[in-house]
């Protein structure tokens, strides 16, 4: 077992970092005991905005077997976790794995320690049975995924022609099924462009009794700008934004029809009265294959309880667009900036407006006819006796696109956890059944990969 102690990469605190280093050592030792050749790559340190510097935990590169006649499968996983505190509504200590009614609770149980362990268990099963591994196996395991995979891209670039040179396929297991009992394979994720729009009159706030009625108020400008981005049906109002969205095919519509999703249960478990769409197919398409725009908040606005008669002197709105194939990050940046400049100019405001894109992550989509997708489907049939849901993920997993673009290898996402596992939330868990069947799934996947390769 990996210790569940606070291997939190998000909070920049020395004791959490020490815990992460300990976690990486435990993982390296575990892999060495399996007979893997293990390298712990020093990742240097991270400079924080307040001037302090914190060490980045090492990335583990491990390899088992180098038979040139076999396929080579590389597994990516991470051992860091999101922050968790028992006082925030956890029913138990988040850093002590606790089993209740067949559910294994603990921070990192499903994201991502459980799946990493399942993969290691699958490998060790062949070792325990003194059976030859059907494929060569490589591991890349990091400890900074929840903090944006600091410095990982440079390492992948550097190892492209070394560690990754013999790799045929890359497997990630860092997301969830769309149902509680039916397994899934994920073949696409949305990207993300995060924007700030700042409207400034002056550094200080104003009193509304003294200045109300004679100013272009920054907050009024900003509310108009944010209100111009998306309509009440979720349609994005930025001109040209849908131009590059991949056309919908008959084949794609059929994949949505085949997915098991109980809309009523989904709505109830989300505690939402009504979604924007009424059919399963429309809901899935708007989560996965169409872009969405969400407004996140306003910095500098008065948001305390009480009645303060303030006119903020400077406000910053924050919103983001989830991108889909074949939208381009830099094109979206230009379209959004041009749109906001148009809206702002029509207000004839004397304030200053600045639009910035602070994050630009591309969408990712794979070819579901690749060898490893066929192998994963066969393995799911063997272990679960059913066809998998072929799903996409509405959120962004930047590492998928990074591997695809830098290493030029097929990437597959094989989730193990159920839809209600609650990653990033209180009382995160993985079901004992999912964990054990998931371990069998990975072992079956090795065998299927060997046959197809």
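Note that Cβ sites are derived from N, Cα and C of the backbone, with glycine treated the same way.
Feature annotations, courtesy of TrEMBL:
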| type | residues | note |
| --- | --- | --- |
| BINDING | 78, 111, 174 | Mn(2+) 2 binding site |
| ACT_SITE | 80 | active site |
| BINDING | 111, 146, 424 | Mn(2+) 1 binding site |
| ACT_SITE | 145 | active site, proton acceptor |
| DOMAIN | 188-345 | domain 'Peptidase M20 dimerisation' |
| SITE | 207 | site 'Important for catalytic activity' |
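In sequence order, 145, 146 are the recorded positions from 145, 146, 207, 424 with a C-alpha within 10 Å of the C-alpha of residue 78 (Mn(2+) 2 binding site). It is 78 that, of the recorded positions 78, 207, 424, has its Cβ surrounded by the most other Cβ atoms within 10 Å. Among the recorded positions listed here, namely 111, 145, 174, 207, 111 has its C-alpha nearest to that of residue 424 (Mn(2+) 1 binding site). For residue 146 (Mn(2+) 1 binding site), the nearest neighbour among the recorded positions 80, 174, 207, judged by Cα separation, is 80. The residues near the Mn(2+) 1 site, meaning same-chain residues not in 111, 146, 424 whose C-beta sits within 8 angstroms of the mean position of the site's C-beta atoms, are 81, 82, 108, 112, 145, 423, in sequence order. Proximity of residue 111 (Mn(2+) 2 binding site) to non-local residues of its own chain (separation of 6 or more, Cβ distance below 8 Å) is seen for 81, 82, 174, 417, 421, 423, 424, 428, given in sequence order. When the Cα atoms are compared, residue 145 (active site, proton acceptor) and the residue listed as 'active site' turn out to be 7 Å apart. Non-local neighbourhood of residue 80 (active site): 7, 8, 9, 20, 23, 57, 142, 143, 144, 145, 146, 147, each in the same chain, at least six residues away, with C-beta under 8 Å from its C-beta. Summarising model confidence by region, the domain 'Peptidase M20 dimerisation' (188-345) averages a pLDDT of 96.
The recorded positions in question are 145, 146, 174, and the one with the fewest Cβ neighbours inside 10 Å is 146. Surrounding the centroid of the Cβ atoms of 78, 111, 174, where the record places Mn(2+) 2, the chain contributes additional residues within 8 Å, namely 77, 112, 115, 145, 146, 173, 423.
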